[in-house]
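For reference, the structure discussed in these notes is given below.
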Amino acid sequence: MLTNEYLKRVYDETANRNSTDKEFLQAVYEVFDSLQPYVEKHPELEANGIMERLVEPDRMVSFRVAWVDDAGKVRVNRGYRCQFNSSIGPYKGGLRFHPTVTRSVIKFLGFEQIFKNSLTSLPLGGGKGGSDFDPKGKSDAEIMRFCQAFMTELHRYIGADVDVPAGDIGVGGREIGYLFGQYKFLKNNFTGVLTGKGLAFGGSLARTEATGYGLLYFVEEMLKCMKGESLEGKTVVISGAGNVAIYAAQKAMQLGAKVVTMSDSKGYVYDPNGINLDVMKHIKEVERARISEYAKRVPGATYGDNRSDVWKIPCDIALPCATQNELHEDDAKALVANGVTVVAEGANMPSTPEAIEYLLAHGVLFGPAKAANAGGVATSGLEMSQNSQRFSWTFEEVDKKLKEIMVNIFHNSYNASKDCGMEGNLVVGANVAGFIKVSNAMLAEGIF
Ligand code: NDP
Ligand code: 2IT
């Protein structure tokens, strides 16, 4: 509950001004709630209007994206880019193409990105963008025409030292390739304006794997430091079957765990023998087919059409890696009843506030998204460094840096939770640790 007068006033003003932006308000409330002890001790924040300025994006553009489908019909979608905060670096954050994209979704993602990017210790500001375009069922040519139309407007606002987009839901290597090609064509300029690029044109090794691998490096460190345990022999439940989920599963297996579920927006599969990742990758990355295919091909695996049933499968570790608000209080109760010890967020804001409260109250180690999934954007930061150097590092070099960053994020978040008198509450720890650097930069840079 917000008891600090200043935070409460700014939250109420934000809620009035953005009354329909429900996901954005959810993200702001969580951060404000965590910051109360810190804000109490730092009156200069109120004197400089830091919180008022932090909740209002530097700018947000929305634009028409008109494109022509394979049947010759004109289609119109809405595009967005939210440049939220550039106090510690150029705006940085992904693009999401999904029919559920709204202004509120882009703003919540952009707001969280500010603190996540700060936690990476790299010089990256916060931003996010996307469109309500649905890539499902579209031909490659349609995807290309959409990406070109999207970039025809977006190119006015971005640049390697201004704002550097990347992937998110519905935007992977294929889309980044088409977006990059169009930017280069329009500007006649070859720079690292996007990350997640193909290896042939400035991409970084390990960027594809980075979010999922980083999540597991975070979990590994959290388990070691807070419980004296490893991943060896643990049973893991994962939601999602996209970029984050696939590479989270891969690293979990490499570290000796067994992954027994994955899901997509239509349903989930349970494979008590452990997911066969080669089959899953083929279905999802090559065929772009439904996850139900997996159960048809792998003996012993079953398919269920209620995707939230993944949380009812007994496990030691649960990793929500699909989308926001996918893990509710009832799911948290089912996980706790089945003996879960760790929940770590690969997706952005996948757990509802009630679910988080329940998990923390029942002694579950909880790794919040801003900390636990920061490996993707951190490796994007490493891609930017390689582009500036006109040089490529090996997979091992990037992976080693990624691991160091994730271990540091855990310790910085843990230490901040201790400083706030809430040892082990990494929601508070990550929010405070991410905020301190951003607010110090805002204080130093003056009011604008
Ligand atoms: P992908 O598009 O590769 O995969 C998304 C997965 O989640 C798919 O299995 C998809 O199922 C499912 N999904 C998407 N939207 C919904 C929805 N509204 N309801 C139910 N299921 C849904 O995306 P990513 O793996 O890249 O992203 C997953 C999450 O991780 C997102 O929250 C994203 O913001 C976050 N993230 C991504 C990073 C990255 O580098 N890519 C970095 C940090 C966080 P289906 O195929 O049926 O749509
Ligand atoms: O949510 C995220 O951190 C991402 N989608 C990755 C952003 C990036 O710029 O790599």
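Here the Cβ of each residue, glycine as well, is placed from N, Cα and C on the backbone.
For K92, Q113, K116, G167, S380, the entry in TrEMBL reads substrate binding site. Feature annotation from TrEMBL assigns active site, proton donor to K128. The site 'Important for catalysis' annotation in TrEMBL covers D168. Per TrEMBL, the feature NAD(+) binding site maps to T211, N243.
Structural mapping of features recorded in TrEMBL.
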residue: K92; record: substrate binding site; contacts (Cβ under 8 Å, 6+ apart): Q113, N117, L124, G125, G126, G127, D163, V164, A166, V377, S380, G381
residue: K116; record: substrate binding site; contacts (Cβ under 8 Å, 6+ apart): G126, A369, K370, A371, N373, A374, V377, G434
residue: K128; record: active site, proton donor; contacts (Cβ under 8 Å, 6+ apart): R81, C82, F84, G93, G94, L95, R96, I106, K107, L109, G110, Q113, D168
residue: G167; record: substrate binding site; contacts (Cβ under 8 Å, 6+ apart): G94, L95, G173, E175, I176, G196, N243
residue: T211; record: NAD(+) binding site; contacts (Cβ under 8 Å, 6+ apart): N243, V244, Y247, A248, G346, N373, G375, G376
Other CB atoms, at most 10 A from the CB of S380 (substrate binding site): 29
CB-centroid shell, 8 A cutoff, substrate site K92, Q113, K116, G167, S380, site residues removed: G93, G94, N117, L124, K128, A166, T195, G376, V377
Assigned element (helix, strand, coil) containing K128 (active site, proton donor), judged by DSSP: strand
Contacting recorded positions, sequence order - K92, K128, T211 vs ligand 1, Cβ under 6 Å: T211
Distance in Å spanning the most remote Cα pair of K92, Q113, K116, G167, S380, given for substrate: 16
Cβ under 6 Å from ligand 2: qualifying recorded positions of K92, K128, D168, T211, N243, S380: K92, D168, S380
Cβ neighbour count (within 10 Å, all chains shown) around N243 (NAD(+) binding site): 26
Count of other CB atoms lying within 10 Å of the CB belonging to Q113 (substrate binding site): 26
Neighbour count (Cβ, 10 Å) for D168 (site 'Important for catalysis'): 25
For Q113 (substrate binding site), the three-state class that DSSP assigns: helix
